[in-house]
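Annotated domain '3-hydroxyacyl-CoA dehydrogenase NAD binding' per TrEMBL: B:7-182, in sequence order. Positions annotated as NAD(+) binding site by TrEMBL: B:Gly12, B:Thr13, B:Gly14, B:Val15, B:Ile16, B:Gly17. TrEMBL lists B:186-254 with the feature domain '3-hydroxyacyl-CoA dehydrogenase C-terminal'.
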2 protein chains.
Amino acid sequence: MANNSNKIGVVGTGVIGNGWIARFLAKGYNVVAFDPAEGAEGNTRRLMERIWPTLEDMGVAQEASMDKLKFVNTIKETVEDAAYVQENVPERENLKKEVLQEIDEHLKPEGIIGSSTSGITATTLQEGLRNPERLIVAHPFNPVYILPLVEVVGGEKTKKTVIEQAKALFTEVDMKPLVIHQEIEGHVADRLMEALWREALHIVNDGVATTDEVDRAITYGAGLRWALMGPFMTFHMAGGDAGMRHMLDQFGPALKLPWTKLVAPELTEDLKERVIEGCESSGQGKTVAELEEKRNEFLVKQLELVSDYWPLFNKTE
Amino acid sequence: MANNSNKIGVVGTGVIGNGWIARFLAKGYNVVAFDPAEGAEGNTRRLMERIWPTLEDMGVAQEASMDKLKFVNTIKETVEDAAYVQENVPERENLKKEVLQEIDEHLKPEGIIGSSTSGITATTLQEGLRNPERLIVAHPFNPVYILPLVEVVGGEKTKKTVIEQAKALFTEVDMKPLVIHQEIEGHVADRLMEALWREALHIVNDGVATTDEVDRAITYGAGLRWALMGPFMTFHMAGGDAGMRHMLDQFGPALKLPWTKLVAPELTEDLKERVIEGCESSGQGKTVAELEEKRNEFLVKQLELVSDYWPLFNKTE
């Protein structure tokens, strides 16, 4: 990082905090961690032992070592001289603010602070910080040591260079930073997942299908495509040769149907054009047939891979 | 199939109809197809030529051949002596009913009729049929010749044995039939996808992210997991050692937050128990740590696979 320190501070070592620790350790960083919970250090170290072979499969840095993890007893020791500090305490605004203020107090000015929050905006978390310009939301996905996505969101006071530096750090540890330019609850990925999740709960609640059936409705179908293509490119492909343009003409009216409990936006000309142009641009001028060939090549391999994992433990269907 | 015919009839040869044709041809069936559109046969045959290598990669039956596809000029010829007929005409109720009635009229009594409809119920489609008991909805996913999911839904008049026979046929052609026991618009999988899709449209409409950013928020994160685990098992894993039980305690309150535009159901004790028990049963008594090990093993391979496909055509990020 720009400030030349190889030390990462991690405050809060639950599922997410531990995921960050593993990712930074695997890339050779020194990690200093703090969590007030009883037995936190033991839990983290046991997890690292357990997943280290996985990290090695993905490729660890030459200088990487579990020994580069140190637990300390105060936030002050955690963040002193750190280049970057990741906060992962429970999702309560007051608690987060308190912890962030303490981090801010002891972290050198050029250090950057990221919060793993999914539901609180950076602008809210900046309130009361002495150096609010170095705070970002850095929202990762479980398991953090494998999934590359991290949503990066600045608050009103965040400096642009801080976002650039954070992006560079995340890219260095093999992540795919996605900068979100508007602060909304749940950012982008969790909103999408939450919509799916709520609909899934409705389906179970209404007695239409069991949790297992809902899960299979995903894993055997759309779930196979989503590692390659999100909802827009997926529907671009479903439109035949004319792609999204045809798709919106054909299925646009379905937006008015009660296909989910989620009310759709009005499909205005402006929205239509934005969606069509977005898909065409993502498609990089390739025809749907060309995209299809790539997609099929992927899906065949994907199917080969997952067939070894369905069912997870030789469950009889 | 039970009625000993190796002939499949396919009415309507758009993206979905062609997908069915490819799947049945690959498994060695004789397929007779009909579509009144200009150039339909040429389109289908060109597609078969294009994707046959893909089908071969997945493994075709010894007796499989593109020559086993015949186009005819009437529905009567399409369905005569068929064991099974798949209807894939445009999603307009009156059109579908008309076509299904004609299929019903000419198909021998023991033949089964499946409709690819996503939004019309089997009960509605049965209206006016002479043999309504042999009609089901058989809703597949694009590309039909690769994705194994097919939702099978009977109408009020559908015979149970018909559903069983259809399930057996779909299993024979390497599909994963999911029988849905309640008729709702969009069945199960499309409701889930539609919820995600609508939320995605809201996000683009509100200017929060572009279509490409939304897609990346899926492909680099949750999309990597969804081929292995649907929303329920995903969140079971996010709950740490206590799985879904902890997850609902911790994130249940988030259901009340404006994380999507979809209103969530009330998280009653009954719903909670159903969800927890469902996940524990899907987990087959394995601990979250044991599930985690399997998931990680899968995800590492998954990441290895997809990294060759990100971006699809060497797009610069």
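Quick reminder: no glycine exception, Cβ is built from N, Cα and C everywhere.
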Of these binding-site residues, B:Gly12, B:Gly14, B:Gly17, which scores lowest on Cβ atoms within 10 Å?
B:Gly14
Listed binding-site residues (B:Gly14, B:Val15, B:Gly17) that sit near chain A [CB under 8 A]:
B:Gly14, B:Val15
Are there residues of the same chain, six or more positions away from B:Ile16 (NAD(+) binding site), whose CB falls under 8 angstroms from its CB, and which are they?
B:Asn88, B:Ser116, B:Pro140, B:Asn142, B:Val144
Treating G and I as helix alongside H, and B as strand alongside E, what does DSSP give for the domain '3-hydroxyacyl-CoA dehydrogenase C-terminal' (B:186-254) in helix, strand and coil?
55 helix, 0 strand, 14 coil
Output, ordered by sequence, the same-chain residues six or more apart from B:Thr13 (NAD(+) binding site) with a CB under 8 Å from its CB, or 'none'.
B:Ile21, B:Ala33, B:Phe34, B:Asp35, B:Ala37, B:Ala40, B:Asn43, B:Thr44, B:Asn88
Centre the Cβ atoms of B:Gly12, B:Thr13, B:Gly14, B:Val15, B:Ile16, B:Gly17, go out 8 Å, and tell me which other residues of that chain have a Cβ in range of the NAD(+) site.
B:Val10, B:Asn18, B:Gly19, B:Trp20, B:Asp35, B:Asn88, B:Ser116
Just counting, how many other CB atoms are there within 10 A of the CB of B:Val15 (NAD(+) binding site)?
19
Secondary structure at B:Thr13 (NAD(+) binding site), reduced by DSSP to three states:
coil
